[in-house]
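Novice: Pasting a structure here, questions to come.
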Amino acid sequence: MSSLLQGVNLYLIGMMGVGKTTVGPLLAKHLGYGFLDLDGVIAKATDKSINQLFAEEGEAGFRQIESDVLSQVCAFTKLTIATGGGIVLRRENWGYLHHGLIVWLDVPVELIYRRLAEDTTRPLLQDADLKGKLRSLLEQRTPLYSQADLHITVQEGETPEDIANRIIEVIPNVLKPQASH
């Protein structure tokens, strides 16, 4: 697998609550890669929580910071990177993401809702109609998420280990070994 990937980063994309930050370290371990949570890097770099950044900078300001951090992170190799759910919204981010292998973790809204119903740390979810907000965000982002190299549909009851193993199994389908002449 390592020879097939040749150090190329893996970027996990998808809605908040799909398990990118949980699956990412497992995937990294399988590959002998490092793991980065982009939101964690942003929080550390700015010394502010994501909620604080949204409150102080607005979504547009946060998205700019996110792009700046992504541009720096993509210079490294052998990383599995969990991105924020909105990383796909800015065209410039796709230029960075395409330096690696993009994996979309696709989880049904019902399951995301159950995972996030009690979560007060997500700035885009401070909405009375949480399920409606999730549906709306997913509808808006699905055409963008679908540009990923790999589309992993997560089923109810699948463990993070199951998901990581499925990703490992399908990576060879999108990466062809370099032909030796």
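Each residue's number is its place along the chain shown, starting with 1.
Glycine is no exception: its Cβ is also placed from the backbone N, Cα and C atoms.
Per Swiss-Prot, the feature ATP binding site maps to GLY17, VAL18, GLY19, LYS20, THR21, THR22, ARG122. Here Swiss-Prot flags THR21 as Mg(2+) binding site, drawing on sequence analysis. What Swiss-Prot lists as substrate binding site is ASP39, ARG63, GLY85, ARG141, and the listing cites sequence analysis.
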Novice: Quick one: what's DSSP say for THR22 (ATP binding site), helix, strand or coil?
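Specialist: For THR22 (ATP binding site) - judged by DSSP and reduced to three states - the answer is helix.
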Novice: So which of the binding-site residues is most packed in, judged by how many other Cβ atoms lie within 10 Å of its Cβ, out of THR21, THR22?
Specialist: THR21
Novice: To see if you understand the setup: which same-chain residues, six or more apart in sequence, place their Cβ under 8 Å from that of LYS20 (ATP binding site)?
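Specialist: Listed in sequence order, they are LEU12, ILE13, GLY14, ASP37, ALA82, THR83, LEU105.
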Novice: Would you mind sorting out which of ARG63, GLY85, ARG141 (the binding-site residues) have a C-alpha within 10 A of the one on GLY17 (ATP binding site)?
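Specialist: Cα within 10 Å of GLY17 (ATP binding site): GLY85.
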Novice: For VAL18 (ATP binding site), which residues in the same chain are close in space, meaning a Cβ under 8 Å from its Cβ, but six or more apart along the sequence?
Specialist: LEU105, ASP106, VAL107, ILE112, VAL154
Novice: Which whole number of Å gives the largest C-alpha distance between any two of ASP39, ARG63, GLY85, ARG141, the residues noted as binding substrate?
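Specialist: The substrate-binding residues span at most 18 Å between Cα atoms.
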Novice: What is the number of other Cβ atoms found within 10 Å of the Cβ of ARG141 (substrate binding site)?
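Specialist: I count 19 other Cβ atoms within 10 Å of it.
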